[in-house]
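Trainee: My questions all concern the structure below.
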Amino acid sequence: MKILVCVTSVPDTITKITLTDNNTKLNKAGVQFITGPYDDYALSRAVDLKEQLGGTVTVLNVGGADAEPVIRKCLAVGADDAIRVNAEPTDAYFVAEQIAAIAKENNYDLILMGRESIDYNGGQVHGIVGELLGLPSISPVMKLNIEGTTAQITREIEGGHEDLEASLPLVLGCQEPIAEWKIPNMRGIMSARTKPLKVVEPTGNDTLTQVSSYELPPARGACKMIPAEEAETLIKLLRTEAKVI
Amino acid sequence: MSVLIFAELDEGALKKSSLEAIYYGSKVAEQTGTSATAIVLGEASTDELTKAGRFGAAKVLHASDAKLNDGNAMAYASVVAAAVSQEGADVIVLAKSSLGDAVAARLAGKLKAGLAANVIELPDLSSGFRVKRSIFTGKAFAFTELTAGTKILTIKKNTITPEETEATAPVEAFTAGLNDVDFAVKVTHTEKATGDILLPEADVVVSGGRGLKGPENWGIVEDLAKALHAATACSKPVSDLDWRPHHEHVGQTGIKISPNLYIACGISGAIQHLAGVNSSKVIVVINKDPEAPFFKSADYGIVGDLFDVLPRLTKAVQAL
Ligand SMILES: Cc1cc2nc3c(=O)[nH]c(=O)nc-3n(C[C@H](O)[C@H](O)[C@H](O)COP(=O)(O)OP(=O)(O)OC[C@H]3O[C@@H](n4cnc5c(N)ncnc54)[C@H](O)[C@@H]3O)c2cc1C
Ligand SMILES: Cc1cc2nc3c(=O)[nH]c(=O)nc-3n(C[C@H](O)[C@H](O)[C@H](O)COP(=O)(O)OP(=O)(O)OC[C@H]3O[C@@H](n4cnc5c(N)ncnc54)[C@H](O)[C@@H]3O)c2cc1C
């Protein structure tokens, strides 16, 4: 089983977003970068599958050198090697093009991703990669089991879930409860330092989209407190003041 | 040049988010002096299809093959791509949803299109094609230029308020050859709540956290939701503990919602929870702890015991 796991290096979920350079850049100062939480689920399932079925897990990131701590952490969790495509990941299509180019050279049985990046929230890279490779793409995947060359998959749908059966190779966007997040242990951290991390240059240079500037949402007004004894007034206010019911 | 809108059905009805997308597409067509066509896949009644006209579509394409009933994103993308080429569409609009994402992505791959997700306003065409989209789960916005010839937009739910008119739209049958490869994934079992209001589509959501103490207490959340015609949601620990199904979990690692009204009961308001609900128009928090962080992100708050407050709110709604 040859598994490729695509990971993002993203600001921690508790980050307060601020802007710099006249609102044309996100301020990275003091921001802690982590592996995308959904990507972490994908990686954890990949490591479990490797332990169960044998094979290799390769981690792939499209990003600058500042993503390397996140890549090393993925190696510490149990990936065997890593590839970094040395480029600013400017949009979903560009990232997908890079992933597809690597995949074409390597014949992976499974390409696992997170259901969505927690920075740009597109939920689309897996679909584009699937299309570029002519493979099925399925997301969000909550359960994944492999028997031979067949995958049994449970996917969340609005208001429920469905069970699917498909032949490998596949491109999947993962979410909980596909696996438990793995925390690297000391041995993992030590061995990660010497695992191979290959840096390659990007292919293609299409600009299909371009961010020109950013904006922060206005702060919510003060919270109107209603004494518990008068809870019923809330319903009146929701109707007459907020006009939402 | 024209605008094509991919409209989704749920239980035979056009989804609210798709009506928003149709309206959005019709406004873009107005801005660019072209026309908006909606495409609907799978079996649907003529009444339902013509409804697209009331929300701005000038024409409805209907691919009625029953094989298209169950939301197969790959087959959908192939059919929509055929419609794009028939109509010469250069702007394609979809609702941001689990199916919309997949169809948009496969289409972008086929057409090498510029793709912008979570768009929240009409485009600014004064110099090019610029949209405002929500990023970092509502914690920031990015103004994005789409420079590609073909543009695909997914519209964030409940950010566009459609106007309904009396207009009608002709319905044309659309047949596109279906490829076997698009049906390589077999659906072996589907479990879906029927008759309920889908959480991502709901105008009002009542949500419960660990403060509910256990699944046996969910009745008071459901009663209030029922009175308000609302959907129910929950925090992550609640779905982790299997008190509620995973598809009700909202937040950073769950579903992102933007209803008109979000009522949080016994939820502390962790930043990862807020990530899923902070674009709600009005937020109500009910928590016994006056220091609960959620009050800082709320519009209305009640410090009190939810086991006392919720049933009283339900009665007050029923009395309206
Ligand atoms: C310095 C920097 C600048 C950026 N600037 C922009 C920008 O200007 N515009 C913009 O749209 N995005 C930008 N992003 C990129 C963003 O992180 C995404 O990589 C990319 O836009 C795809 O986003 P998405 O939300 O569509 O991904 P999704 O489709 O939501 O991602 C799904 C999955 O695809 C995989 N994936 C996504 N991105 C990568 C990646 N880079 N490497 C490996 N796997 C990946 C992950 O498994 C992820 O869970 C920037 C990121 C960085 C670090
Ligand atoms: C990477 C990551 C991703 C995450 N993603 C998510 C996510 O997607 N969604 C999510 O929800 N969380 C997420 N979390 C978890 C999050 O940090 C919080 O732990 C979680 O939201 C807390 O859930 P809660 O508010 O239900 O429980 P608690 O924090 O335990 O809060 C319970 C609240 O109920 C109140 N209460 C108790 N009894 C009563 C009563 N009788 N009447 C009124 N109030 C009462 C208490 O005062 C308390 O404020 C994530 C965490 C991480 C690290």
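Just so it is clear, glycine is given a Cβ too, placed from its N, Cα and C backbone atoms.
Where the annotation comes from TrEMBL, it is an automatic prediction and has not been curated.
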Trainee: For the FAD site that TrEMBL describes with B:Gly266, B:Ile267, B:Ser268, B:Gly269, B:Ala270, B:Ile271, B:Gln272, B:His273, B:Asn287, which of these is also annotated: B:Arg133, B:Arg210, B:Arg312?
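Mentor: Among B:Arg133, B:Arg210, B:Arg312, only B:Arg210 appears alongside B:Gly266, B:Ile267, B:Ser268, B:Gly269, B:Ala270, B:Ile271, B:Gln272, B:His273, B:Asn287 as FAD-binding in TrEMBL.
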Trainee: Counting Cβ atoms within 10 Å across all protein chains shown, which of the binding-site residues B:Arg210, B:His273 comes out on top?
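Mentor: Highest number of other Cβ atoms within 10 Å: B:His273.
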Trainee: Which of the listed binding-site residues (B:Ile267, B:Ile271) has the least company, meaning the fewest other Cβ atoms within 10 Å of its Cβ?
Mentor: B:Ile271
Trainee: What subset of the binding-site residues B:Ile267, B:Gly269, B:Ile271 has a Cβ sitting under 8 Å from a Cβ of chain A?
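Mentor: Only B:Ile271 pass the 8 Å Cβ test.
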Trainee: Which of the three DSSP states, helix, strand or coil, fits B:Ile267 (FAD binding site)?
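Mentor: Once the DSSP labels are grouped into three classes, B:Ile267 (FAD binding site) ends up as coil.
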Trainee: In which DSSP state, out of helix, strand and coil, do we find B:Arg210 (FAD binding site)?
Mentor: helix
Trainee: Just to confirm: which same-chain residues, 6+ apart in sequence, have a Cβ under 8 Å from the Cβ of B:Gly269 (FAD binding site)?
Mentor: B:Val285, B:Asn287, B:Ala292, B:Pro293, B:Phe294, B:Phe295, B:Lys296, B:Ser297, B:Ala298
